[in-house]
């Protein structure tokens, strides 16, 4: 009898039990020794927890921990494992601490601050390294960031080369390490400076200097964090050849999505800090393009990708040819969301608002409203309205009740924080992550479940639900139990918010009205109270004065050999002419026509030498150099770059390097009696009061010359604004440093420094009113007289310190005579020298003959209206303003707007006038000159006055430089004529025609004003 069973027959295969698949990644770490840096950080805690919980057969886990705030390594380790994210691990593996080894170290120290025994243990046992340590402060000092992010990486890579059992090394970088690029692929990019050079720079330079050059070092990088991360990648790419190493680049890391706790995070960096600030009602605006991709990735997914990358690099069988890199030995994994699932900043804001409203906190300070502004101006406006005005009001109330005002300072920090985030919120990058996607595809189903990091089907709605609650619980330490109280406070703040909106808007409109009324109200022009001069016009021949025979100072130079640098410049020409005309034995000269007529024999005494102030030994050959060393008795160092905003690389070599070389040569000159260095009274313009003493410059000459040698010219010029600091331009900055070179290296020489203020045309010799360049005041006066310049930032009540060029030359010659006599007799005559044997003479007009900018302007315009230039382009109008805003407004109205109209008219005619470009250059020049016209200094010239008193009557007549007898009205009478003749090349014979042209332009000007006024009235009607 046969019994029949239900279900039919079975096969042998049905009898085989299904064995669960094991995790290949967990097997890879089985018996392994893993070293983790940055274990106390956000990602460090997560990777520690994940390795211990999901890789149960791990042998040892070494955690690098530094002592902090007096806490020992063991205490800090205990704090780590007391964190809530380790609760699941403690429940599943109570004895996990047996695998953990705490290693004392500090990534800011060389060799990670490891002790000898710990280092040996790591070198002998470690199979895998996760380098998570980094300083994540975006505005960290460059020295600290370089040590932690670059040097620690270099030292760890060098250690890895000695680890005998190493299978894999993972460096956690950032997807924005090369944010200066639009397309970011999975390759190691070059950086403008190597890791070794950066470390050499921070090792050799002071903190103050590094802080100044940081903006230039960063270049296109927005902060020190991403910059040093990029340099650290360069270190890995260049020095990790032969190592099983990979770089994992996550984008913006946010709270966990799943394990060990959904929504867990322990810091407020980046987007998380913005979200918490919104929740508390503190942050109300962000400069952000709403439709740009917000490339954010959950922290647990980042950790899983890093662990998978370690398995991939260490397990050769898992490697795939799809992983490509310019450097085949360093694999790069961009872990970003934008290639798989896209979320924009607009969606981020909507999710955040939605879920934050569900779980309001009783810690909330104000109703949370938030505006994403793509326009930077609107963002700044919102910052003023919604951040600073409320902050100032609250701080004022705090002061009234005796409390400490804190909100304004707090919002200043918030502003810096949001500015950092804004860089990433207004830009979008094109990432590739082929290596990352290929890595995920090679993982087994079990590994994808345990170490998953695929974002293709990521649920952002569910994520933000956990994210909002996690921020409340883990960051604000505000448990969900307080939710009822939070909702009550939320509605109270909502009512208060809308009650205040009307008042704030009204106050803002009132302030705007006051500002408009202040700056757009009509202002009366200053009156020109200048008397008419008799005698009519003069010719160039009338401006030549005869000079009597020389006396005592001339005899001082008799038989002397004089070396003049800068003989082709304005002062150089005047000095050479004066020496040859009065001192027969002068050695150097620049030719003058008048000299040829009166003293042609003197030209035989001229010897030209080829040289270059930017080169060693001034670029002279050995023959000429030996002549100088043997014969020279007196040196006048006039060579200098006179452009106020000359490139710093050029200015440093010419003004500092040449001075340094000349001092070296002077020490070798066997018959030297005196040196006169021509500086400027504004070399210490950072001080309000300028005495005849040395001042400490911002940096030494050696430091700046070293920097010039190390950095490319473009890089040095880019950091110039940072280096200058309180100095107004590169000319005064390098002149101050050049003086310091003399103080340090030339105080044993017979040397004097002459500091003239603003040098203008000559008073009487060799030709009254002579000037050869348009630098400074002369250029402004000419621009006004031609009708080009119509406004200038200038405080008219300030004193304008200016000195005639021939007076400057006379002061220089007298100083050379004085210093040679003083050194020769070793007697200090009247003039005290403070802390040094170098005499300093401030040659300025303020103490003896002050003139205000208002008077200077009146005199210049008054005398130029008498002799208008024949090439005048428009009627002379000049409206200086002391305020930045008022000047900027007038510059746009009176300069840029007409220039734009002219260019537009030219384009209609098929011509390119380039007026707007020219006015851009004029604006730059005026901005440089405004540094002197908008400020005022108090000068001391006791040494210069004492020098004048020492001279006898004949010397005072022949070498006059006292400003007491100068008549400014008479001076400007000849000065403006000199500008017309010598600068514009416009002879006085053209004055009648020029006056006719001026009258025509005046008629056109007022006709245009009438037309504009009628149009305005018509529009208003």
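Just so it is clear, glycine is given a Cβ too, placed from its N, Cα and C backbone atoms.
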Of the residue ranges 985-1002, 1003-1020, the one that TrEMBL records as transmembrane segment:
1003-1020
Matching 350-375, 376-401, 402-427, 428-453 to TrEMBL annotations, transmembrane segment lands on 376-401
Is the domain 'Fatty acyl-CoA reductase C-terminal' (894-985) in contact with the domain 'Thioester reductase (TE)' (36-305), using at least 3 Cβ pairs under 8 Å (sequence separation of 6 or more) as the test?
no
Would the domain 'Thioester reductase (TE)' (564-812) and the domain 'Fatty acyl-CoA reductase C-terminal' (894-985) count as touching if the test is at least 3 Cβ pairs under 8 Å, pairs 6 or more apart?
yes
Would you mind giving the whole-number mean pLDDT across the domain 'Thioester reductase (TE)' (36-305)?
93
